Amino acid sequence: MARLVALDKVRNIGIMAHIDAGKTTTTERILYYTGRLHRMGEVHEGGATMDWMEQEKERGITITSAATTCFWSPNYGNYSGLRHRINIIDTPGHVDFTVEVERSLRVLDGAVALFCAVGGVEPQSETVWRQANKYGVPRIAYVNKMDRTGANFFDTVKAIRERLSANPVPIQIPIGEGEIFAGFVDLIRMKGVIYDKDDGSTYNEVEIPHDLQNEARTWRINMLEAVSEVDETLLEKYLNGEDITEEEIRVVLRKATLNVSIIPVLCGSSFKNKGVQFMLDAVVEYLASPVDVGAVEGHHPRTEETVVREPRDEEPFAGLAFKIATDPFVGKLTFFRVYSGVLHAGSYVLNTVTGKKERIGRVLQMHSNKREDIECVYAGDIAAAVGLKDVRTGDTICDENNPVVLEKMIFPEPVIQIAIEPKTKADSDRLGMSLAKLAEEDPTFKVKTDDETGQTLIAGMGELHLEILVDRLKREFKVEATVGQPQVAYRETIRKAVEFEGKFVRQSGGKGQFGLVNLKVEPLEEGKGYEFVDAVKGGVIPREYIPAVNAGVQQAMKDGVVAGYAMQDIKVTLFDGKYHEVDSSEMAFKIAGSIGFKGAAKKADPVLLEPIMKVEVVTPDEYLGDVMGDLSSRRGHIEGMGQRAGAQFVNAKVPLSAMFGYSTDLRSMTQGRANYSMEFECYREVPRSIAESLQEKRVSKETV
């Protein structure tokens, strides 16, 4: 099957924003106008195509990143009339599902950042913006909900500049705001666009309304100055007072958008069907194709040499698995982005992370949760594979004769955990397998057994995250379970460097056990995790035993020395040791490594850490004092406050342990008129009094 759309006419985009900015509604309108839908679904009716999980329909929020493909030929611009393929990923706005945004942005070439014209830049807008900056994703901004009372396009543009440190450049300004929002002025063509009907497919081009002409001229000059700053030829023409053509503006705007020096800003009301087609034109005009993004770099799995893959069909196949999902009809689905080459259904691929070769059973083009079998998938495309059993999120799949490992994805560790118990024997039999499947899909969901109580603990990014997963256990896997109260996922670390000898000797007749290691443990910067350095010289420990020492240390780190919590941000150097020709074994050195680490950690000033959350509360004026007092009583540190969209906002850093049940308390404190958002910020040392009570709990557990 030949390629239907040239690679330079492919756009892989994400739709990203704060919760309730209108992402899913906007995607529904895109699918309607591009011919993928014949009837539009509404989020508030639970009928949105992209929200296909039961939990999403009930809550009216997007939890997983649904993927779909559509085609669009722009009405205006340098690409007018040329058919383009757009692969869209609709991402969640709730902070508990931040991993879905992270893994989507890793494989996208561009994004539409949605902002609510009333709320402006909200906390999750900042989070997804930082994630997009991390991957250098070009963006256009779409100010949605212009029909809402209190909508203010220019305030939103100002907030993008100030709160996101971005360079927003409006290429449209609205004609009317709130109930009288009627259309926009196109600053490139200097024409007005007035929508006739609510279906948005009919509009009239008009001269710019008289009362907007001065404002339109001012904003056009602003746009011309912005594009002139990034192109010397254009700057010369602008300074000489020469005319700058529409085509020249678009070419330079595209270049500046691709290097993220300019964010073009558009406006609309997706719910009222206004603005979506022009936003699609902008996606094609300004966002990157795989050709613009260029080659990806990886390394050879054995030699570690740099390997470059160009985005061409003729190159060897290389792709990145960015999402695992369980489909009730076809089983395990692996979503992947093709960076180079072509992949045919039925062919074999190598997973360079596990070293295993696997067969691709089927290749599917996904449309939300519907699927369409295709023969093959080309460079630059996004698709789903059936038949890959051992592939995890972030793994590279490639041509077995041309191996490459692409950059892995790094996910945050869970900050909250709950105990879960099956209700019946039948539930007990299914629980382990079901939890394993959920953990396979979601890298921020972890399952472990409490060594002391024998309970199964599940950990995630927030209360809603775990609530959704427990609900999925019941609906998808038919497992009934009771859950305990949420618990904070505390951590432990050390504050000073220490050297220690770990020795394991056992002589009981016959072959004994012997392993001796000298370890240096020292603290790492926050967030660095764990580092093991082999500094052994002169063969005092045979090479085959070194990995066993590392394994023993990592095993010991799971159960900290202060209160039994996992340890982090530690560097361990193995610098000396001894072995016995007959009695030494991998097991002996693993135990010696564990003993050595535990002994060193106890002397290295170990401390307990707790997750600190970044909290923003938006409240009416009259409750501001109560809200601030309450946050302070929760050991919160107020970092800033201000006014936005007619309400007060407070930013604070608060320990997670003090935030359980906060939504209920905030509702009663403000008569339901305030709301808040919360995301993980960092780990900090626990105050002495709390550390002592946690240690006492551990001691009482051990003596029971």
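Cβ coordinates are placed from backbone N, Cα and C, and glycine is handled just like the others.
What Swiss-Prot says about this protein:
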DOMAIN    8-291  domain 'tr-type G'
BINDING   17-24, 90-94, 144-147  GTP binding site
**OP:** Mind looking up the mean pLDDT for the domain 'tr-type G' (8-291) in the predicted model?
**Re:** 83
Original post:
For ALA17 (GTP binding site), what is the secondary structure by DSSP, using just helix, strand and coil?
Top reply: strand
Original post:
Which chain-mates of MET146 (GTP binding site) that are at least 6 residues away have a CB under 8 A from its CB, listed by sequence?
Top reply: ALA117, PHE153, PRO174, GLU177, GLY178, PHE181, CYS267, GLY268, SER269, LYS274, GLY275
Subject >> DSSP-derived structure type at MET146 (GTP binding site), helix or strand or else coil >> reply: coil
